[in-house]
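Q: Below are the features listed in TrEMBL for this protein:
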- A:12-33: transmembrane segment (TRANSMEM)
- A:48-418: domain 'Ammonium transporter AmtB-like' (DOMAIN)
- A:67-87: transmembrane segment (TRANSMEM)
- A:94-114: transmembrane segment (TRANSMEM)
- A:126-145: transmembrane segment (TRANSMEM)
- A:152-176: transmembrane segment (TRANSMEM)
- A:182-201: transmembrane segment (TRANSMEM)
- A:213-233: transmembrane segment (TRANSMEM)
- A:305-325: transmembrane segment (TRANSMEM)
- A:394-415: transmembrane segment (TRANSMEM)
Amino acid sequence: MTGAATNMRMKLPITCLILQIILIILFGTIVQYDDETDAKEWHEHLHNGSKDADNDFYYRYPSFQDVHVMIFIGFGFLMTFLQRYGFSSVGFNFLIAAFALQWATLMQGFFHGLHGGKIHIGVESMINADFCTGSVLISFGAVLGKTSPVQLLIMALFEVTLFAINEFILLTLLWAKDAGGSMTIHTFGAYFGLMVTRVLYRPNLEKSKHRNCSVYHSDLFAMIGTIYLWMFWPSFNSAITAHGDDQHRTAMNTYYSLAACTMSSYAFSSLTAHDGKLDMVHIQNAALAGGVAAGTAGEMMLTPFGSMIVGFLAGIISVLGYKYLSPILEEKLKIQDTCGVHNLHGMPGVLGAIVGAVTASLATPDVYGKGMEDVFPQIANGEFTASAQGARQAISLAVTLGMALLGGLLVGFILKLPMFGAPSDAICYEDSIYWEVSLRCLQTHIPQLPDPSYVQQVAHSHCSILYLMASLQAIFLCTGWQGEWAH
Amino acid sequence: MTGAATNMRMKLPITCLILQIILIILFGTIVQYDDETDAKEWHEHLHNGSKDADNDFYYRYPSFQDVHVMIFIGFGFLMTFLQRYGFSSVGFNFLIAAFALQWATLMQGFFHGLHGGKIHIGVESMINADFCTGSVLISFGAVLGKTSPVQLLIMALFEVTLFAINEFILLTLLWAKDAGGSMTIHTFGAYFGLMVTRVLYRPNLEKSKHRNCSVYHSDLFAMIGTIYLWMFWPSFNSAITAHGDDQHRTAMNTYYSLAACTMSSYAFSSLTAHDGKLDMVHIQNAALAGGVAAGTAGEMMLTPFGSMIVGFLAGIISVLGYKYLSPILEEKLKIQDTCGVHNLHGMPGVLGAIVGAVTASLATPDVYGKGMEDVFPQIANGEFTASAQGARQAISLAVTLGMALLGGLLVGFILKLPMFGAPSDAICYEDSIYWEVSLRCLQTHIPQLPDPSYVQQVAHSHCSILYLMASLQAIFLCTGWQGEWAH
Amino acid sequence: MTGAATNMRMKLPITCLILQIILIILFGTIVQYDDETDAKEWHEHLHNGSKDADNDFYYRYPSFQDVHVMIFIGFGFLMTFLQRYGFSSVGFNFLIAAFALQWATLMQGFFHGLHGGKIHIGVESMINADFCTGSVLISFGAVLGKTSPVQLLIMALFEVTLFAINEFILLTLLWAKDAGGSMTIHTFGAYFGLMVTRVLYRPNLEKSKHRNCSVYHSDLFAMIGTIYLWMFWPSFNSAITAHGDDQHRTAMNTYYSLAACTMSSYAFSSLTAHDGKLDMVHIQNAALAGGVAAGTAGEMMLTPFGSMIVGFLAGIISVLGYKYLSPILEEKLKIQDTCGVHNLHGMPGVLGAIVGAVTASLATPDVYGKGMEDVFPQIANGEFTASAQGARQAISLAVTLGMALLGGLLVGFILKLPMFGAPSDAICYEDSIYWEVSLRCLQTHIPQLPDPSYVQQVAHSHCSILYLMASLQAIFLCTGWQGEWAH
């Protein structure tokens, strides 16, 4: 079942080891503890009147852990909905995230965290590294089932780099605000991934269509991912906002945005089904759009009222996208978007960016008071007006879209190189190409085996519908024959 | 498989959209950020000497997230034990929780949080909204598998309202203490749900009996819910107690109560089985009773010793309830309690309320010192005696039982209205009524299909025992026939 | 299927109840709230200038909850990889953890926490109790599938006691540092368990070999455990380090160690497979070795660079252990290590201890500054030199190995006593011995049943490969016969 092309025996180990050794060398040469993780420096601060309780660890670490769960459990299990791709969904998510967070530490540090030629790191850089990783995992969702782990690592290598550049342009050059990453994380990750999958278009993908679907339990595993993403999104959007009211407000805005989004997702999932039945795809994905859409404006004085409107709209857009837009994108634009990231991260991300721009342009001292310094420092110190801030937010969206599409185009062509071991059209969405599927115990207690490749196909997805049908046919044959026999 | 009655095409969307639009309008008119989430107000506090670290976010948000996990993962997955009802268990839990927490914010705010006609919200109101939601989900457990999502939303609408009124009577009028909600959450939710399911009694429910059971993997999914509820119960009970020793003590008391409860649950589960085998139903549920029973007294000086005794008894009561009382309730009182909420939340809740009343009546300045002001302010300032506090706790239990039973009676009759699309007796505990069950990929690679409705029944629960038996019969038939053939 | 020997009807309840009653009595006589959980004492502190925010609850509780998740979800689900042992993996993990954490509170309190004859407890003692429990669960992994719950409780009883003694020798007598427990938790738990399983050697275990393997969904459940352990390991290693930079630094070092470990685990899993396919066993376990190996040195100035090297090596050692060493240990040394704890906890634990000794011996005031007082108080106050500290770390490893092996030997022989109801060689790795496996609904809608014991074997593991093969054979028989018929 595994051709020479997809054999990872050398490709994967060499890629992992080279990348990791480079990371270790770079960390050894240019990375240092920041003042809050360094024993000597922190105790200097204590000496100068700080208290241990002031250490950023206590402000940020609980949020970091929630984000961490979203990255590894949330994204990982959300993608296990495919009946035969659970190992790869969780496993490759795990691998590329473990690589991306290290690489992101370097790339983001290079652009934001240099102190005398050294990158200083602490919990905030860990959160930012996880954020950047999230962007890569969004792109992974677009190409899920159609790429080898080596391709994914190469994609992560380039995407993290471009992410850091885009983030630098937005936050440092344009002074845009995007604490929850509607633009930097979601819009960038989604359109980057969509362009990659466009370049990697597979005309004969329907050969694997029977595997590109869920079964009962795989949908339940996916719900684990969905619920964790949903629950911890308030922590995600508030993880790196300013201390105090900012973190508090951002978490609450996101909480209400998600709740409203869930209601509209269920409503439209049922409304758009001919028999009014809810579709797991919508529930697993659209109900999360409210978190994406509150990513930029969440820290602003959006109010729970505004947050609920944003979430409500995001849910509707997302369901309609899955129902009507995705098929068009696939047929007309040849974009094969496995997880529908355009509906969960793309459109809601753009919505979030627009909401952020509008909300920023409406900021007034009456509403923000002295809090303006935290949310919009440049407006507070008179460097530019609220409407100028809004304009910079809008420009940031355009820049992000450009970077994502160009970047995805470039990287897509790189990933086309045959050496990376992409699966053929007939064996996409299939774990057994890259994973040892446990049949060990088989040989031991069943002497004679049917054609192994067939058994493997069946066994490794013990809930395979194929197998279900086959068994039922057997039942009817035997029963039918019974009837014959009776006469 | 879906009759006109259960078709949600119009009912569900209209219900969700109307409710959500009403919520948005109400939030827009009467909800405001509180002093700790409002940029301007909080910076006034900072101006007056507060520090960002004093923001309640840092005292409450980690507890909030643990509670949030209990509500969405804990309750949601605990109910996935049914073999064909996993989508609905997690999915409807998700829907009604998303609605209930918004509605609860308004109802509880109306009774506790009004400031100049506006409801002020922050992390504490978010925790309280999740608490109220928990009560609705307990009632959901009693009617699980027998109600439509529309019925559940209507139930949530009324139950949240009654919850807020009952909470107001207990905490504001009676000055009772109930930080972990043994009374307000568990007793109320359980008896409310039991009365609702009594009113909705289905004489012919045994038609669906074959679906009202678990299979191997569905029990494992349920254990995810159980373990999360168990682990985070200390956070639940301590989430809104006073800062400092109170939160610390409450979490620790609950931790030991749960540990002791687990030991007695295992002991009695094995003891009450004819062959000494453990029953997953007991482990999944009874082991949690210790958290329920520590809900009221957890914040008091119960001591780990007292907590362990309470948990130990709660586990025993709960297992015995599942084993001996539930069948009686069903036969004699016609109460069809799907999840046995009476055993997990009802009786342990009452036990917790009694323990709380006794512990309160024993409170002395020797034991509490200045801490009395946090736990029993009225005793501290001499407004009334410890025994008076105990009496108020006892009265609160009676009030809660009355409110729950009357409320459940009322709401039960409302839910009987045919328009809400309840399933018929023959298709209870069945996902495929309300959910699109993925058979898409089927058609693609198996040309001829057996009777679809049968296939659907089987396929959507790929681990259906029915299907298992059928296959085995086929095997024996064929093998048997082989025997014949040999001669 | 259940013989008299394995019938738990009396054994399990009596064991649980006696142990719990003893625990309750001991807690009632010698356990007290510490100053931070006692209402009176804490308010004395407030009276003397402390603030509620200074309560250790706010420094430690979020870390505690992460550790708690690792113990109950992490360890519990990691062991569900066995196809027919999911109930026992999660369920017995739950039971022995609930017992061990109470017993550990007493044992550790007896050695560290006595104040005037009373054990004072708070969140730090809760974390330490969970740590000690982790050690027992590691040993559980070595004997998984081959022991009765009564044996496990007896093992926990003795192991916790020996753990506390060993911990006392290391931390109090030798003044060694081991915040994350590379020695006290992982090395001790692993070698203790390996010796126990050696003494309990089963020559005819291959009779159960067909059950000692995973199936598709059981591997996915196991990944839930893996990912949670991986994500929260930074909290584990930093949970009881000093406040401020120490907790912050430890978490960060562990984070990078784990990331590097994941990369090398994937690389070597693929490299050591003939066809380059990844092995779930390696991903589920080896990727965690980086957390184990950073347990001792994590709080020191290891630097992210050093942490990554340690994690990188740990992953390699662990994969090679699973691939080449485990089979040798089983054949030559007769050590039947079900979960391969030697590869995940044993060798990486020893590595971590060595890294800790080396790192300690290199500690200089230049690097640590005033932070030396937190990490190495004896070096800071000149009681002994860095190299002396290193020597003490090395001696601690030797002591731990000795205690673990001798303790395991002793306890192994105790567990051999027949009365504890161990399963026979032919029914290991089998839930249905100790658990009621739900067949209730069966009788209701399938009149005639095949041989129940066979059905039970099959049904309770609805994904049994045996059953899969049988069905396929049936299919081929029938189809073959069809061919005949055609002529």
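Glycine is no exception: its Cβ is also placed from the backbone N, Cα and C atoms.
TrEMBL annotations: computationally assigned, not manually curated.
Mind running through what each feature is packed against?
A: Note on the domain 'Ammonium transporter AmtB-like' (A:48-418): its mean pLDDT in the predicted model is 96.
Residues of the same chain lying 6 or more positions beyond the ends of the transmembrane segment (A:67-87) and with a Cβ under 8 Å from any Cβ of it are 93-94, 97, 127, 130-131, 133-134, 137-138, 140-141, 144-145, 211-215, 218-219, 221-222, 224-226, 228-229, 232-233, 235-236, 239, 280-281, 284-285, 339, 429-432, 434-435, 437, 460-461, 463-465.
With a cut-off of 8 Å between Cβ atoms, the residues of this chain six or more beyond the transmembrane segment (A:182-201) that come close are 131-132, 134-143, 146-147, 155, 159, 162-163, 166-167, 170-171, 176, 292-296, 333-338, 341-342, 344-346, 348-353, 355-356, 396-397, 400-401, 403-405, 407-409, 411-413, 415-416, 422.
If one looks beyond the transmembrane segment (A:213-233) by at least 6 residues along the same chain, the residues whose Cβ comes under 8 Å of a Cβ in the stretch are 66-67, 69-70, 73-83, 86, 254, 258, 262, 280, 283-285, 287-288, 290-291, 294, 461, 463-465.
Same-chain residues lying 6+ beyond the ends of the transmembrane segment (A:305-325) with a Cβ under 8 Å from its Cβ atoms: 253-254, 256-265, 268-269, 272, 279, 281-282, 285-287, 289-290, 292-294, 297-298, 340, 342-344, 347-348, 351-352, 355, 359.
Long-range neighbours of the transmembrane segment (A:394-415) within the same chain, counting only residues 6 or more positions beyond its ends whose Cβ lies under 8 Å from a Cβ of the stretch, are 139, 147, 151, 154-155, 158-159, 162, 165-166, 169-170, 174, 176, 178, 183-184, 187-200, 350, 353-354, 357, 422.
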Q: Which residues of the chain, 6 or more past the ends of the transmembrane segment (A:94-114), have a CB below 8 A from one of its CBs?
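A: Same-chain contacts beyond the ends: 16, 19-20, 23, 26-27, 30-31, 34, 71-72, 75-76, 120-121, 125-126, 128-130, 132-133, 136-137, 140, 149, 152-153, 155-157, 159-161, 163-165, 167-168, 171-172.
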